[in-house]
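According to TrEMBL, the feature coiled coil maps to A:286-324. If you look up TrEMBL, you'll see A:366-386 marked as region 'Disordered'. The annotation transmembrane segment is assigned in TrEMBL to A:20-41, A:50-69, A:89-113, A:125-147, A:207-226, A:232-250, A:397-419, A:431-452, A:567-585, A:591-616, A:623-640, A:660-682 (among others).
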Amino acid sequence: MVEPGGAGQGGDDKAYLWRLHRIFALYVVGVAAFLILMAWAEQQGLSRHWIGPIFLFLTVMVYAGIGVYGRTTDPEEYYVAGRRIPPVYNGMAAAADWMSAASFISLSGALYLQGFSGTRGQAGGLAYLLGWTGGFCLVAMLIAPHLRAMGLYTVPDFFHVRFGGRWPRIIAALAAVLCSFTYVVAQIYGVGLIASRLTGVQFEIGIMLGLGGVLLCSFLGGMRAITWTQVAQYVVLLLAFLIPVSWLAYKQLGNPLAPLVYGTQLGKIADLEERLLDSPAEHQVVVAYLRRAQDYEARLKDVEGALEREREKARERVRTLRDQNADVGLIVSASRELVALPRDAVSARERWTREMRENYERARPLGGLPLHSQAYAGNPDGSPHERQEYELTRRNFLALMFCLMVGTAGLPHLLTRYYTSPTVAAARSSVAWSLFFIALLYLSAPALAVLVKFEVMQNLVGSSFDTLPSWMAQWARVDASLLSVEDVNGDGLVQFGEIRLGADLIMLATPELGGLPYVVSGLVAAGGLAAALSTADGLLLTISNALVRDLYYRGAPREASPEQRVILTKFTLLSVALAAAFVAALKPAEILPLVSASFSLAASAFVPVMVLGIFWRGTTRQGAVAGMLAGLGVAVYYMLSHVAAMRAWVGWLLADGLWFGIQPISAGVFGVPAGLIVAAVVSRITRPAPALPVVRSEM
Amino acid sequence: MQPLKKIHEPELAGPFPPDMHDVRHLWLKGGLLLAWALVSFVAAYFARDLQAFVVAGWPLGHWIAAQGAVLMFIAIVVVYCWAMNRFERQDAARMAALTIERAPSHG
């Protein structure tokens, strides 16, 4: 999938385009043939232990092959793929670049867990869907064509060319590194999750395996190789999403076109939810969790004493088991419990507080999940408390949507994708194609959430614990926070409140949940991997370009040939990737919160100044610097204010409580206006004498 | 959407501060952004009220948020592409007409 050396004009263009179409069609046929072959092999008795690794290995090899084939040290090719990617393929590559592990792995899960809007404490649900598509309207109209018209290489380049001087560029480069790094950590976490489940290796080794794939593509070929691997990855991830959704829809509704028909399941889920709310067994589960939570609360009143009592109890158990000459396994597990107790009062307090909160969370009807199709929690006509609940949920929903939309328009790795199109008009249609290719998947994501929820409520709930499918145990082994099922009320049947699924799990487990062949599981994992890798590629390239091109070389005039610069960029990329892998191995947070945070950062740092710079001639360099610092500063400050560790450190400095009830994840709501106002005011103050206007009607 | 077509525009790396924006372009952007805000923020704000209307088995609020808005976004971007290409063609035609008009006086 690599283009000929130099595309000429006219007839050559057409030949080039046809060549691309032909290669693309061949690739799609190849992927389909491979799938059919694997399905056949499974029927012939190919072991499950082989299917997962074959999928992972082969897809990564294909991406790497494209990366090697597209290798380059030519700067024009390395930074912007020679600026001759046709809009359709550019759109596909942008879609793959855009749809990260968060979209592919977590979006359906979030829709499953949060329903329409999430809760006031954790907004989400359809806000993700709207935010990640609506932002493209801003990209198409306000930013991408204008940046393309300037003939730039990176996003900080814009600040350099538009405002001149050092500081706008340096701040932009640092902000690009900050938000891209947060984002890339989430991707690599996703890679580790998939690789460790499918091959059974440790999480950390899974990360390293996936990292190899990322590096092979981006390390060798830069933007050119990445573009074509992303096109290849898009095909895999689209198939991997649509096949299980269509299959489930066909199974439940007799029609594979899930987005068109899942409306009827919404009604059925509402009925099932009502039945679950009335079910006595569910009430027992709620009471059991409540008791646990109260137990933790009691312990927290006297941490030292409770810890001593717990230790004594565990020791006592080990002793009695030894005295009875009980089974060795029992003794070992009892002593392991003793060891697993918190070491000191501080960690005990921390852990028990968390457990208490979790249990209170689960001690609510439907396991704490909101009603699936109800817009916003609470009730606008209810008691004052309910009214406030409603108001806050809606406000947080809108705030999150705003941050994601504006963040879309500011994320450097997406914007550089439109630098690769041949003309300004092509940049515009590239955005349209990206949105189209993204929508193909996003329109099915809510359908998947609904179908899976129906499957769980209808078939899993009420089944016996003895007949639980084996995949549940396997996932629980990867990470207990992803999936836990426990017979809390002791009746031997699964209740809805007893199942806890993590947002990152639901998509990956869908094929097994729906009883699909194992090949589909392999495909879904390969799709998740493709989504994470494609985004990680783009992000790593952005980070290393910002560090080397915008900070190192522009910082001081240095003697270096373009090839040397490219080589230095490659090695920076390697070290950034390793650093990101190291952070991801610490499992800092779930995928979605990390990603949302980087959107808020990008929104506040870039968008206000970029839009002002493009549309208002009066923006000055000082205004730009002040605006970026103010936007970024407010967003970072508000986010850090609510990190527990920071509170303990410099609590007196930080914002007390929430501003207008907005959660820290949507810090961009404050960062964007702050950046806009500060940039405008400072520009106004430092305005130079007016220059003669030049009218140009392009764009 | 137009296929790969080389328009011979200069790969300009400036001149910046930006050129004046064509008023028609700004009106187009303004109108489309209004549609964008209506379908995303306003519709989401009133989602609970829209939920009461059920159209063809779908609660309307949910349908707009899950599908209608996304389709609308695509429409907005496509309309923008189409209109901008049209403006550019018009401008190019006008420029061509101007040069033809001027040519005889020079020759």
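For all residues, glycine too, the Cβ spot is worked out from N, Cα and C.
Note that the structure is a prediction, hence the values are computed from the model and not measured.
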Averaged pLDDT, computed only over the residues in the coiled coil (A:286-324): 81
Considering only the recorded stretches A:50-69, A:89-113, A:125-147, A:567-585, state which has the highest number of Cβ pairs under 8 Å to the transmembrane segment (A:207-226). A:50-69
Check for me, if you would, whether the transmembrane segment (A:591-616) reaches the transmembrane segment (A:623-640) - at least 3 Cβ pairs under 8 Å, residues 6 or more apart in sequence. yes
Are the transmembrane segment (A:232-250) and the transmembrane segment (A:50-69) near each other by the rule of at least 3 C-beta pairs under 8 angstroms (pairs 6 or more apart)? yes
Tell me, please, if the transmembrane segment (A:232-250) and the transmembrane segment (A:431-452) are in contact, taking contact as 3+ Cβ pairs under 8 Å between residues separated by 6 or more positions? yes
Establish whether the number of Cβ pairs under 8 Å between the transmembrane segment (A:125-147) and the transmembrane segment (A:567-585) reaches at least three, counting only pairs separated by 6 or more residues. no
Long-range CB partners for the transmembrane segment (A:20-41) (under 8 A, at least six residues beyond its ends), listed in sequence order, are 1, 3, 51, 54-55, 58, 86, 89, 231-232, 235-236, 239, 517, 519, 522-523
Which of A:89-113, A:397-419, A:431-452, A:567-585 contacts the transmembrane segment (A:660-682) most, counting Cβ pairs under 8 Å: A:397-419
Same-chain residues at least 6 beyond the ends of the transmembrane segment (A:397-419) with CB under 8 Å of its CB atoms are 79-80, 83, 90, 93-94, 97-98, 117-118, 123-125, 127-128, 130-132, 134-136, 138-139, 142-145, 147-148, 152-156, 176, 179-180, 183, 223, 376, 427, 430-431, 434, 535, 538-539, 541-542, 545-546, 596, 598-603, 605-607, 610, 662-663, 665-669, 672
By Cβ distance under 8 Å, which residues at least 6 away from the ends of the transmembrane segment (A:567-585) in the same chain are close to it? 73, 78, 181, 184-186, 188-189, 192, 203-204, 207-208, 211, 214-215, 218-220, 222, 536, 540-541, 543-545, 547-549, 552, 560
